[in-house]
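S.K.: The structure that follows is given in the form of structure tokens.
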Amino acid sequence: MKINTAEALIQNWTGRTDPETDSWRWHQKIQPVQAGSPAGVALIGFACDTGVQRNHGRPGAIHGPQALRKQLANLPWLQTAPLYECGDIVCDDGDLETAQQQLASHIAAQLQAGHQPIVLGGGHEIAFASWSGLAQHLAAAESQPRIGIINFDAHFDLRDPQCQAASSGTPFAQIAEVCAHKHWMFHYACFGVSRMSNTPALFNRADALGVCYAEDLQMTVPQLNLLQQRLDHFMQACDHLYLTIDLDVFPASQAPGVSAPAARGVSLEVIEPLLIQIRNSGKLRLMDLAELNPELDIDAHTARLAARLIHQMTLTQQ
Ligand SMILES: N=CN[C@@H](CCC(=O)O)C(=O)O
Ligand SMILES: [Mn+2]
Ligand SMILES: [Mn+2]
């Protein structure tokens, strides 16, 4: 495990500079986070594909944070909250568990400082670390925090960690185990899950754990209203939201740069309004983006899509 510091990474935030007034871009606004920085959005990288490798996927997500920052750098600045670079946790030695612990502590520290972290993955093993960071932070003030996990994903990622090493396929089952141990509710929604990409054993585990899910086939524009009602109902039962977006939820034509591209997928047309609903709920504490694999991307389509989602989620409610 190693750390890329915020001060080192800030040098990489370069891009176009325009002569007109009111033409700021992200690379001109981002600052390295410091103790006492006013509350803002805190970007943290998790450069890791050890979980994908353990899950027999295609490596490359370790380069995700760098590719994503490159696309974020040139976005026009429409945001109101300050934006901070907080560095990378790099898992370069196969020791996923240590890297996850480091990321969790880093996230908890940023939350404690009043920031809203956005974590740039990295394989979906990021989710166990992200949730653990939020849990650490909330446990300091609440005995039984009501956390809702919203995952946009073609997969449940509920593989049994008792039968296999922790990986990109196990994070939500790991979280369910920790919740059971702590007597916390496990409130998990998976939007976009595909019958073609999950065995019946995983659907059965989802049912046993009371997971709220919408299949890719149900996630169409005519169904959007119903999906919004279901999302609203899910969000009402919790106080804090952790949003995680596995980019393989999108059709392969929109997101080719992932380990396991979707044959069908769910279109941005449907996902974006749901994300805006989550943003506007006032309960979102933490989000991450998982599975961006620049080595498999085509003309950075997936990285651009991921950057758009981050842009959208950091806008103030209109
Ligand atoms: N995070 C990925 N999870 C999927 C990967 C599936 C695949 O590689 O085909 C899973 O374990 O089900
Ligand atoms: Mn997936
Ligand atoms: Mn996943």
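Positions of Cβ are set from backbone N, Cα and C atoms, glycine also.
No curator has checked TrEMBL annotations; they are predicted automatically.
These numbers come from a predicted model, not from an experiment.
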S.K.: Record says D153, H155, D246, D248 bind Mn(2+) 2. Source is TrEMBL. Which of H124, H137, H181, H183 does it list for that same site?
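M.R.: Answer, per TrEMBL (Mn(2+) 2 site with D153, H155, D246, D248), from H124, H137, H181, H183: H124.
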S.K.: Once the chains shown are all counted, how many other Cβ atoms turn up within 10 Å of the Cβ of D246 (Mn(2+) 1 binding site)?
M.R.: 30
S.K.: Inside 10 Å of the Cβ of D153 (Mn(2+) 1 binding site), count up the other Cβ atoms and send me the figure.
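M.R.: Summing over all protein chains shown, D153 (Mn(2+) 1 binding site) has 28 other Cβ atoms within 10 Å.
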S.K.: H124, H155: which of these binding-site residues has the highest Cβ count within 10 Å of its own Cβ?
M.R.: H124
S.K.: Other than H124, D153, H155, D157, D246, D248, which residues of the chain come within 8 Å of the Mn(2+) 1 site, judged by Cβ distance to the Cβ centroid of those residues?
M.R.: N151, A154, F156, S168, V249, A260, A290, E291
S.K.: Ten-angstrom check, please: count other Cβ atoms within 10 Å of the Cβ of D248 (Mn(2+) 1 binding site), all chains counted.
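M.R.: A 10 Å sphere around the Cβ of D248 (Mn(2+) 1 binding site) contains 29 other Cβ atoms.
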